[in-house]
Amino acid sequence: MQYDMLLLRFGEITVKGRNRSRFEKAALAHVQDLLQAYPATEIKKEYGRIYVVLNGEPAAPIIEVLKNVFGVTSISPVKVAAAEIDEIITQAVSFVESMNVAKETTFKVNARRVWKKFPVSSQEMNQIISSPILKSCSHLKVDVRHPEIELRIEVREQGAYLFSEVVPAAGGFPRGTNGKAMLLLSGGIDSPVAGWAAMRRGLEIECVHFHSYPYTSKKAEEKVIDLAQVLSGYYGKIKLHLVPFTEIQTTLAGGNHENVMITLMRRAMLRIATNLAERNGALALVTGDSLGQVASQTLASMNVIGKVTSLPMLRPLVTTDKEEIIGLAQQIGTYELSILPYEDCCTLFVPKSPSTNPNLHIIEKIEASLPQLDEQIKEAVSKTETIVIKPGETVIRRSQGEPVAQDKWF
Amino acid sequence: MKYFDHAATTPPYEDVIRTVGEVMAQHFGNPSSLHRMGEDSGKLLSKAREVCAHALQVNPGEIVFTSGATESNNLAIRGAMARYRQRGNHIVTTTVEHASVYETCSHLEQQGCEVTYVPVQANGAVRAEDVLAAVTENTVLVSVMHVNNEVGAVQPIAEIGKALKDRHPRVLFHVDGVQGYGKLPLSIRDSRIDLYSLSAHKFRGPKGTGLLYVREGVHLTQLLTGGGQEGGLRSGTENIPYIVGMTKAMRMAAERQPALASHWSKLSRELHEGLAGLPGLVVNSSPDGAPHIVHFSYPGIKAEAMLHMLEEEGFLVSTQSACSSKRSEPSRVLLAMQKGKDCALSGIRISLGEEHTEEDVRQLLGAVKRTMERLQIVKGGNR
């Protein structure tokens, strides 16, 4: 069936009182961005809903795209009929016929007369419309309590909307409606998922990645760029700050404190991220920490590490199990990238027995014994390279020369 | 010499040859290497995967590069039967499949699988309902070719796929697309295909390379163990130059398909009409078959004799399929089409390429006619 419109519903934001229009505007802008690829479509905004008029564009791929819009809780493809009872019946019958349902499927019609001048009442409509449907699809059974299919019909002055399918969408808050945060993005499985979860709560994110040339390869960095690109698919433009971390790492590794190496590294990273957050107007740090997963994510470690920043630490995955995180990573499309095997600065110097219970006093003493550290942190911030990543666009780096894949070869 | 054996193999596009050479010279790094050169090869590989996926309207993650259709067909069938053993051990296929499917099925039969070979109609096509009727509780896989390599019969892939998935959503659907790609349009998604095999040299790419489309969510057991390339499904260092060459050929073939199909249809119509006018000659392919294959028999004359005489006239054609033409057994496909042993021993396949003109076709028809006259003397003597 060729659908005429998509109906996008909002959840939580409808309870936002006076701020509601700001939330709706943000969601609308997001939808507009994504629909640029489908120029024939038109957007109509209504109280608590957005309609996308398809004008001949196919519904399925657009639903796939729009179900990633934060703030939208569900999407239904809609068939539009004229607001006349005969027309509604004809369309309703062909709507159900086109669903090709199996025998003994239960169904009901749920009609609603929004336009009160329409001559048939909601109750009457249910009756009038169901019987021709049953006649045409004799294998259907009516069940008004728990139907497998519910054909919903809303009669408005401008037309009657018929829909049945309800595709769950991302939910949460529209993009960027809850402020900005800095995401510590590694090449692992967790941090991209944490970034997605943060964006879903209406946060704008900028990403910080720490690299350790020449110990790590360009591939590790490209992997992170690719991860950020996947995230940008859910958001639009995303900034990625690439921080040179080699010198700090070398300094920390030279201090012979192997078992607290990770703690020291994480503290240095948070200092840099905090600095970058302040420069870019971000009000929180987001990490992929999940309680107890590794030594640096015990409560004691998080405590000592978090002491270096005054910004709120947001850890969307803190109580999530690894299996659930993997499931989410697969769902949002970062998993396959995350499992690529390149070393990054977090996996490079993994101590044999990292401390799960670092002592703040000792850590501070070690840091005090490394006078060059503060300077190096400042330098890392100043040498940070920032790139802007847009969905679907190839990132050209400063250092890159000729593209490898020549167009004439393909 | 006029080459009329494009169903056996096609001459690579000039651009493909150049591309293969350039890539071979410039990017010999192993895509699994961690250094820059390996990385560059890896980039080419993923670009190739994207372009192939785009040509097939599927996702890049669904493309597995192989050494060609024989491997793709083996991987699809053996891989699915091994992986889904708990679902059953029954395969449904047809009596006219290419040897790489047919022989694979009979080999699996010896190992305890059950195989139903669905018979075809006189025109070489199966009926979708016959395929569907052969599916049982125990069926794991249905494997049907798109276009028959010998007679060019077109199988009702979309019809089979849709009905199969409506009725038995768990049964996998494999299509050997080798002779169809670039000749006839086919939507993998709309036809609800799970596995789809291609070979580069059938659409003017290099030999020794091909691919298998594996729908997301379908899992196969690998045939080769080793380095885990191609998502573990096809270990072995990727043949980057050939893969890039195939990709280019694939894109070119897809672009030219509509124009070529109508060109070939015109030529094959002339061939059909011309051959039908020659008494004693049986045209085995049907006019509604694939546009690039015309097949006929001259009962009483062994196919090879005709082939050599046409060669003397300056035309290269094929007996049966090239893959089995060195055996002088009756064609399995023609027997399956109930053509009789005489016909099955004397089949000649003409397959068209881009370069052929109406004049070529007229000349070929003239040569067939002369050859028939010359062969009159020995006709019947070699039964």
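Here, residue 1 is simply the first one shown, and the rest follow in order.
Each residue, glycine too, has its Cβ placed from N, Cα and C.
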### Task
Given that TrEMBL annotates A:Leu184, A:Leu185, A:His209, A:Phe210, A:Arg266, A:Gln297 as ATP-binding, name the residue from A:Gly254, A:Gly255, A:Gly288 that shares the site.
A:Gly288
#### Entry: Pairwise C-alpha maximum, in angstrom, for the residues (A:Leu184, A:Leu185, A:His209, A:Phe210, A:Arg266, A:Gly288, A:Gln297) that bind ATP according to the record
19
### Coarse DSSP state, helix versus strand versus coil, of A:Gly288 (ATP binding site)
coil
### Message
For a three-state summary based on DSSP, what are the helix, strand and coil counts in the domain 'THUMP' (A:60-166)?
### Response
36 helix, 34 strand, 37 coil
### Message
Just to confirm: which same-chain residues, 6+ apart in sequence, have a Cβ under 8 Å from the Cβ of A:Arg266 (ATP binding site)?
### Response
A:Ser296, A:Ser301, A:Ile305
### DSSP-derived class (H/G/I helix, E/B strand, else coil) of A:Gln297 (ATP binding site)
helix
### Message
At 10 angstroms around each C-beta, which of the binding-site residues A:His209, A:Phe210, A:Gln297 has the fewest other C-beta atoms nearby?
### Response
A:Gln297
### Query
Which one of these binding-site residues, A:Leu184, A:Leu185, has the sparsest Cβ neighbourhood, judged by other Cβ atoms within 10 angstroms?
A:Leu184
